[in-house]
Amino acid sequence: MKKKIGLLVMAYGTPYKEEDIERYYTHIRRGRKPSPEMLEDLTERYRAIGGISPLATITLEQAKKLEKRLNEVQDEVEYHMYLGLKHIEPFIEDAVKDMHNDGIQDAIALVLAPHYSTFSVKSYVGRAQEEAEKLGNLTIHGIDSWYKEPKFIQYWVDAVKGIYNGMSDAEREKAVLIVSAHSLPEKIIAMGDPYPDQLNETADYIARGAEVANYAVGWQSAGNTPDPWIGPDVQDLTRELNEKHGYTSFVYAPVGFVAEHLEVLYDNDFECKVVTDEIGAKYYRPEMPNASDAFIDCLTDVVLKKKESVL
């Protein structure tokens, strides 16, 4: 009989319906309810992208496809997928409890975020391992980062090339690629967090692979807190690049995310487009990885490499 291995797929989570928005943001704010104005603003953002984010559906599809693919490409072990979310059910701890109840003793934990940071990957894996230790007889093997995975870089190289191939030579000369990820509080840099360096590296790999000469790194979706967040913000960067270099076509690659959701559909497709419209420039944004076969193949390699190194 094949050994069963847990596949703990972790992600941020998103409201399933409009009524979930308040409790979801209360959880993000560690139990403090958002003010009525804040709640209205958030609800309006969701309405602007069609009422609710497609993220919940995409995350589940990514996780199910990954489980299926892992069990197709090898015959040594049987992977059982459990979904654990940071801010809404099924919570990370619930997924770990389910694994324990199913008699799983080893699990590979994959966070659907390519770059490591203490705020994201470390906190997800930490929560899972803490719960597993409480329950006993279950070891969680966490994957730190996978931004260097060749198939991940290739996904974005192909996506970016697809946009540039549709441009004339003249447009290409005046085009710039903005590679971005979710901003985090600046204090992580002083703590030696590798997150900003990993994004810079990712941008270099993609620009080199796609043969894009003009590119810059930006940050987006910063939180509304008194602490300074990592910049430059993608909107400010857009204006600055237009003013300084006269770029008139902007290609946004939000590589810190793996799916279409509020941060991409609103912060990029709406907010950044407002800026490009303002300055009379063109807006482009390649398709996100979502549950595409190319991306599922990438994640499959990531999990298999981890399994080989620990089990």
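Each Cβ is built from the backbone N, Cα and C atoms, and glycine gets one as well.
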One of Ser35, Ser53, Ser117 listed by Swiss-Prot as binding Fe-coproporphyrin III at the site of Tyr12, Arg29, Arg45, Tyr46, Tyr124: Ser53
Neighbour tally for Ser53 (Fe-coproporphyrin III binding site), based on other Cβ positions within 10 Å of its Cβ: 22
Residues Tyr12, Arg29, Arg45, Tyr46, Ser53, Tyr124 [recorded Fe-coproporphyrin III binders]: greatest CA to CA distance in Å: 26
Neighbouring C-beta atoms (10 Å sphere around the C-beta of Arg45 (Fe-coproporphyrin III binding site)): 18
Greatest C-beta neighbour count within 10 angstroms, which of the binding-site residues Arg29, His182: His182
Cβ atoms near Tyr124 (Fe-coproporphyrin III binding site) (within 10 Å, other residues, all chains): 24
Length of the line joining the Cα atoms of Arg45 (Fe-coproporphyrin III binding site) and His182 (Fe(2+) binding site), in Å: 17
